[in-house]
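For reference, the structure discussed in these notes is given below.
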Amino acid sequence: MDTVLTIVRLRWALTWAALRKSVWQTIGYVISLLMGVAVVVGTGLLAWFLGDPAGVNNASGFAQGLEVIVVLLGAFITLMTAFAQLMLIGESSTMSPRKLELYGIPDRTLQAGLLAAGLSGIPAICAIIALMLWSLAYRWMGVGVVVAAVVSAPLTVITVVSFSKMVINAATTLVRSNRGKNLFYIIVMITFVAICYVPSITLNASMEAVTFSIETFAAPAAVFAWTPFGAAFQLPFDVLHGAWGPFIGRLVVLAVSWVLCFMASTWCLRHERLVSGSQSEAVSVKGIGAFSWMPDSVSGAVSARLFTYLKRDPRQGLMFAFPVIFLILMAFQSHGVTPVVWTALPMSAMFFSITESNGLAYDGRGLTMQVISGVSGVADRLGRVRIYVGVILTYLVALTIACFVVTGDWRTPDGILMGMTFAAGAACLAFCGLGLAEVVSCVLMYPVPSMEKPFATPQGRAVAQGFFPLVYLLGMFVLAVPSGLVAVVLAVAGQWDMYWVLIPVFLLNGVGFLALGSWLGGKLMDARMLSIVSTLDSFASLQK
């Protein structure tokens, strides 16, 4: 127990040290704390409103609807928390078991300490308080139901933290090859996006039905109530119905789930230690790859290096998956409205260069040799832009053809014109975003996980990753304002039939800001070269 408490104290000591070291870390933690307080206060107010006895007209019907919604929504949030932990937060680099295993701590004790450290964090504490306040929504059901809801709050958080740690440990331990990590990371993201769209698709289908009934969701809720994801949310309603047998059964489900998650995490820790270093495989040399067909110039060498990185980097592979995901989802939800399908193009354009907005951090110490060689910033930006422009154009052409096939707009001149306008607008956004990324990546850098451990989280990444990309996304739309103004003028003047004029405007807008951003980014990189190398060196120390 002393060791477990020591690990918890270590977690908070590292947190306070990070706050004292970095102003941005302090700002990030303050913002996170304010968001947690907002969730707690919002949950309390909503629960107080829903639990007002005077507002409950039909107790039985209201209770049934509340039961179904709470169980399904609770299970959904539990799963999404685990996926978000895996994708964005990952395995903390400061409290990684691999950094503590050298101290001779028994595996079970070490895993228990890491679990306790996770439960003592601000997110877990805010979640427990919010779920306890949610019990106010049940106050009209009786004291027993309220007590059960209060008790279920920590049980829910323990389940979420245990499941998240098991998933992260399994992903980090079992997926060892770079190709496997790349594929697994993409699968996780695709699954996450698909699950996020499940409520929208379900409600959309339900609204199209002749009648909408809560009974439609009662069966799935009953199933999830017997899983670790929804069992804790069902406990107050078991007390309401006097179903003490199912109440005890769900407690057993939760306890068994905790034990299994703990055992799986401990096994992953032991397995990682036993097979450490064994994943290296002999690699046969097959020429010089992209260096053989890229332009024989400094920028060509930069392009070849970036192209080689992108093929092997699981952290940036999602850029190639999002366009396909958006096209499938928009086609599924279009219901015959073809412009909905075409929105997949601008949505994809938003994400083409999102990793490039932090591209130097993804390069890491690989940039040092380039700096030593005296490569200018303009040559570096030109080499990087060459690759991303090729990727963007290839995807936009493929997506445009796919949209024409799905919608059938290729059959009419108006449909072809609409499709080409959407494609030009997407190119405008993509090129504006790429030009901005070449500037932003020299200034707003944040730590990224190593290529070998794409699920890890270097200190300072979680908060920065949530805010710095917003600068890129908002700036992209700001740069596209000239095209938007032309569209407004056409609409106000009643000349929307001439919307084809937007096609050259979109292209000029995008290409112009791409050229400007590449030049400014190169000059900025030259001015901050030594500072960039120093920053990347500090980022690399966080990946160890």
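Every residue gets a Cβ built from N, Cα and C, even glycine.
Lifted from TrEMBL, the feature list:
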TRANSMEM  27-49  transmembrane segment
TRANSMEM  69-89  transmembrane segment
TRANSMEM  110-134  transmembrane segment
TRANSMEM  140-163  transmembrane segment
TRANSMEM  183-203  transmembrane segment
TRANSMEM  247-269  transmembrane segment
TRANSMEM  317-334  transmembrane segment
TRANSMEM  387-408  transmembrane segment
TRANSMEM  420-446  transmembrane segment
TRANSMEM  467-493  transmembrane segment
TRANSMEM  499-520  transmembrane segment
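Scored on C-beta pairs under 8 angstroms, the neighbour of the transmembrane segment (467-493) with the top count among 27-49, 69-89, 110-134, 420-446, 499-520 is 420-446.
In terms of C-beta pairs under 8 Å, the stretch of 69-89, 247-269, 387-408, 420-446, 499-520 lying closest in packing to the transmembrane segment (110-134) is 247-269. The listed stretches are 27-49, 387-408, 499-520; of these, 499-520 has the most Cβ pairs under 8 Å to the transmembrane segment (420-446).
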